[in-house]
Structure formats: C-alpha cells, structure tokens
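**Student:** Take this structure first; my questions come after.
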Amino acid sequence: MVKVAVTGALGRMGSGIIKTITETDGLDVVAAIDIPNHPKKGLDIGELTGLGKIGVLLSTSDELEDVLKESGAEVLVDFTAAAPCVNTAKTASKLGVNLVIGTTGFTPEQRAEMEKAISENKVAATISQNYAVGVNIFFKTLELLAQKLGDYDIEILEMHHKFKKDAPSGTALRAAEIIQNNLNRDSNLIYGREGITGERTKEEICIHALRGGDIVGDHTVIFTTEGERLELSHRVTSRQSLVSGAIRAIQFVADKKEGIYNTFDVLDLN
C-alpha cells in the first residue's frame, strides 16, 4: 500500500485526487494538507470531500514536516501554487518523500530551486503541466507536426476558467517548448498582439490566453500556410482526466529511487 499525502486538499484538484485514491487499490491517503489557519483544520477530510469519515484529519502547511513524519507518507501530491509548492517540495524531499507535482506558473528560478532540492536529496519526482493522458498524446503529435510543418506559421490558443491565476497556461508553454525544440529554424515566442504590429514574421510563435466561465482547459495549435490550415486541439471536459493521470503518476513514482520524470516517462512515450 502506497501512503500518499495531498496538499491543496480542499482545492479542485486536491479533493478529486483524494476521492480517487480512496477508490484505487494499492493507494492510501495518509495526510491531507491545506493553507495555514484553514478554518476546517482538524476535521475529517473524508467528510469535507463528501466521502464520509476516513480517519484522516485536515492539517495545514505550516506543520508539513511533522505531518509527513507522523503519517509516514511515501508520495506527496502538489497541485497548489508556485511559491508554496517550492517550499513543499523542499520539505518533502528532505524527508525522502517522492513527489507528484502538477502545479504551474513557476519562474525559471523557482523551478531550478525545486529541482535542486529533489536532486540533492535523491528522491524521485514527476513534474508536469498537464497529467491528462490525451494531452500528452497531443504533445507527442506536436513533435511530428513541428518537424514536418516547420515552415508554416504557428499560433497557440488556450482557454481556461475565470479563476485561473497564471497565463499563459503551463500546458500552452509546454506545447510551445515542444514545438521550438522540434523546429528546424529559429523561433521567437510572443504573447498576444496589440496595436500596429506590422507583418507577422516567420519566427513568431504567438500564444493567446482566453479566460471565462468554467472552461476546464482547451488548447489548440494552429499550423497555417497559403491555401491550408491544420489545427490540433485538446479539450478537457472534466478534471477527472487530470486526476486519473495524477493517479498513474503516483503509481509510477512510488517505487522510483531518484530522478526527475515527466508524463512521457509515466506513459512510456519517450
């Protein structure tokens, strides 16, 4: 039985992961953690997420080290925000706890700080902007399209719910990274357009971020040239697709000794 701690336990992703862990053979929720001074601290996380009592009380991130030690957690799952996630990763890795990280919005410095802690403490971690299986097939397909349609104009469009705090999305940035790594030409990433921009240059890859309503996550990459347009789209209609992917990542990383992995590793797409 793999003992799992979940941060952001009452968030949209955290609560979904907790529910699915309780339905998954071989996994057990041993700690549920949320922000300091949370008003529901000390209440049963099962009752808070509609499962009924499961015997795990909500704790807070200011007591993370003690919670991880007392619970014996082997894997910690973090879908929160960049700054607290870095601190969580540093604490967990110091204690030898493996990680599944789905948080987005890291600065390069934050990402480097987190990866340094993981490497120095010789734990294993999967880090991904999107754990949905379909979106990773989307990423893999982008490798081929960028290689074969590298002389086309390329634009990226992403849409999310009005509550999303970072833009562009981590998934859109990952798509852009994959495209740039597979183009046989120079490229320049830009974000939206405004005013008199002049003609579009061949090097431009532009990301457009839309926000509104309850959109879980839509991503489209458009390859266009004179006479034709190819669009590759992925749409998440339920967070359960992300939750299911995170569960796979927990199972994958649980028995790994050390290393930093991504969802291509989890899904054997490399």
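Keep in mind that glycine also has a Cβ here, set from the backbone N, Cα and C atoms.
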**Student:** From Asp34, Asp151, Asp153, grab the residue that Swiss-Prot records in the same NAD(+) site as Gly8, Ala9, Leu10, Gly11, Arg12, Met13, Gly102, Thr103, Thr104, Ser128, Gln129, Asn130, Tyr131.
**Tutor:** Asp34
**Student:** For Thr103 (NAD(+) binding site), which residues of its chain lie six or more apart in sequence with Cβ-Cβ distance below 8 Å?
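**Tutor:** Non-local contacts for Thr103 (NAD(+) binding site): Asp78, Phe79, Thr80, Ala81, Ala82, Cys85.
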**Student:** Quick one: Cα separation, Arg12 (NAD(+) binding site) versus Lys164 (active site, proton donor), in Å?
**Tutor:** 12
**Student:** Give me the sequence-ordered set of same-chain residues, not including His161, Gly170, Thr171, with a C-beta within 8 angstroms of the centroid of the (S)-2,3,4,5-tetrahydrodipicolinate site's C-beta atoms.
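**Tutor:** The surrounding set, listed in chain order, is Thr104, Gln129, Asn130, Glu158, His160, Lys164, Asp166, Ser169, Ala172, Gly217, His219.
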**Student:** Work through the active-site residues one by one (His160, Lys164) and point out the residue whose CB has the fewest other CB atoms within 10 angstroms.
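**Tutor:** Counting other Cβ atoms within 10 Å of each of the active-site residues His160, Lys164 gives the minimum at Lys164.
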